[in-house]
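Asks: Would you mind keeping the following structure in view while I ask a few things?
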Amino acid sequence: MRRFYRGIFIVWVALRYGLDELVLTSFQKPWLRVVARIVSIGRNLDAPRGQRLREALERLGPIFVKFGQVLSTRRDLLPPDIADELAFLQDRVPPFPSAVAIATIERAFRRPVGDVFVQFDETPIASASIAQVHFATIRTDEGEVREVAVKVLRPSMRGVIEKDLALMAMMAGWVEKLSPDGKRLKPREVVGEFDKYLHDELDLVREAANAAQLRRNMASLELVLIPEMFWDFCHPEVIVMERMNGVPIAQLDRLRAAGVDIPKLARDGVTIFFTQVFRDGFFHADMHPGNIQVSLAPETFGRYISLDFGIIGTLTESDKEYLAQNFVAFFRRDYKRVAELHLESGWVPEGTRIDELEGAIRTVCEPYFDRPLKEISLGMVLMRLFQTSRRFHVEIQPQLVLLQKTLLNIEGLGRQLDPELDLWHTAKPFLEKWMVDQIGPKKLFQQLKAEAPRYAKLLPELPRLLHDFLENRPADHRRELLELLAAQKRTNRLLQTIIYGGIGFVLGLLAMQLLVRVRLF
């Protein structure tokens with residue numbers, strides 16, 4: 001019954017804020033268009049549609065606010081005005097009672113809170129839709145007393161989330177069935193992505209593991225501090241981490257008064273991000289100002305402090321290769337190659353004309369080359385490409401959308417700190433090394449070495465599969481045959497590249513020696 005009433009409330013809010021015009025007006029059935037006109041009688045719909053959608057999500061509560069935040073990153077699906085407005089959604093939720101937080105801690109560790117902590121501050125210092133944070137002190141196994149931050153999951157969140165997700169999935173199914181435009185927006189896919197995102201955030205141990213990985217990765221950089229996790233005090237509903245003392249990065253006057261080099265801070269932020277993306281393929285994907293502080297402690301003065309590791313982006317080797325080749329093609333203004341990469345990735349529907357896709361990409365990218373490099377926003381280039389992709393129904397991978405969103409955040413933060421920030425100058429060393437690592441001879445040798453055992457096992461099967469294929473039994477073996485042919489093609493390409501590269505290197509050495517001898521004589 002509660003689910004029924006919740007569904008009625010959601011429909012009422014949607015009608016109240018005029019969200020029916022986003023859906024009902026695209027229905028093909030005439031009677032549904034009549035319904036759209038009827039329900040819009042007597043309402044003031046002067047506000048832009050993006051603003052009305054944002055206000056409706058805020059009215060529906062924190063889970064829908066979270067959904068809007070995730071939806072704002074899908075610029076490959078949403079019109080720009082709606083995506084821009086959803087980016088303003090803020091996760092503001094009143095704290096839950098400290099007695100409930102203490103009960104959660106005692107249930108997680110099966111002992112009184114006084115036995116878990118030396119001291120526990122009952123007043124929360126931060127609160128969001130998923131969890132809230134308290135300060136405390138603990139005694140380690142070595143007898144050392146440490147100041148910590150305790151993150152406690154909001155009670156009954158799982159039940160609330162499951163109910164709202166079920167309603168979202170049901171409504172997404174309706175939209176896909178009744179609206180052609182709605183089906184193109186892939187509502188069920190978006191809700192499924194949100195489902196995974198929320199369940200990841202509900203497991204606080206996962207967040208602790210993300211923080212531990214980032215801390216290891218960033219240890220040698222000495223530009224950013226990641227809190228240490230105390231694993232003996234971590235549970236899916238409670239995690240305990242090192243307390244970080246810093247100044248919020250938005251408080252620029254305090255930072256300047258303390259003597260922090262603000263332009264260097266801007267460059268360091270870009271360096272941190274590109275290191276995480278290009279070197280590690282594991283990046284903090286929620287780097288808005290609320291999650292960033294700056295240390296004023298003498299031994300770590302001016303370093304970033306990262307907080308909240310619930311959203312992490314990862315890039316596979318395939319993702320890196322795709323990005324590397326796109327960057328090369330982009331700077332060569334080879335838009336046909338960019339279009340081919342989209343087709344080769346399998347993200348473009350069959351039948352897409354490559355010349356049309358190439359023309360659309362050229363329209364997006366070409367205007368940027370008339371600007372100084374420091375004025376080019378890589379995040380905006382990616383965003384425009386994703387928006388163009390909507391016309392061709394390109395399936396942009398979630399991790400690349402997350403990368404684009406984070407890159408926009410970093411660029412915005414960097415230029416807020418230093419309007420003269422030259423993003424490309426700061427990023428150039430990382431890009432150059434990354435290109436060498438991704439498409440240089442060392443990478444080719446690594447690929448050949450890694451894949452040689454697999455090819456050695458598969459290639460002897462090729463004659464048999466080819467014979468079976470020619471004997472009119474393609475259904476059973478077509479997939480395996482194509483896989484082997486592709487493997488053989490990759491192997492040949494690697495070998496040719498290595499051989500030609502080696503020959504070129506030797507010829508280059510001989511030419512240099514010849515030139516030296518000519519000069520000597």
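Just so you know, glycine gets a Cβ as well, placed from its N, Cα and C.
Fair warning: this is a prediction, and the values are worked out from it, not measured in the lab.
This is the feature table in Swiss-Prot:
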- 119-497: domain 'Protein kinase' (DOMAIN)
- Ile125, Ala126, Ser127, Ala128, Ser129, Ile130, Ala131, Gln132, Val133, Lys151: ATP binding site (BINDING)
- Asp286: active site, proton acceptor (ACT_SITE)
- 496-516: transmembrane segment (TRANSMEM)
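Describe each of these features in terms of where it is and what it packs against.
Replies: Per-residue pLDDT, averaged across the domain 'Protein kinase' (119-497), gives 81.
In the three-state DSSP reading, Ser127 (ATP binding site) counts as strand. Taking a C-beta cut-off of under 8 angstroms and a sequence separation of 6 or more, Ser127 (ATP binding site) has the following same-chain neighbours: Val93, Pro94, Pro95, Phe96, Val133.
In three-state terms derived from DSSP, Asp286 (active site, proton acceptor) belongs to neither a helical nor a strand segment and is classed as coil.
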Asks: Determine, to the nearest whole angstrom, how far the Cα atom of Ala131 (ATP binding site) is from the Cα atom of Asp286 (active site, proton acceptor).
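Replies: Spelling it out, the Cα of Ala131 (ATP binding site) and the Cα of Asp286 (active site, proton acceptor) are 16 Å apart.
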Asks: Would you kindly give the Cα-Cα distance separating Ser129 (ATP binding site) and Asp286 (active site, proton acceptor), rounded to the nearest Å?
Replies: 15
Asks: Just to be sure I understand the packing, how many Cβ atoms besides its own are within 10 Å of the Cβ of Ile125 (ATP binding site)?
Replies: 12
Asks: Please find, for Ile125, Ala126, Ser127, Ala128, Ser129, Ile130, Ala131, Gln132, Val133, Lys151 as listed binding ATP, the greatest distance between any two Cα atoms, in Å.
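Replies: 14 Å is the greatest Cα spacing among the residues binding ATP.
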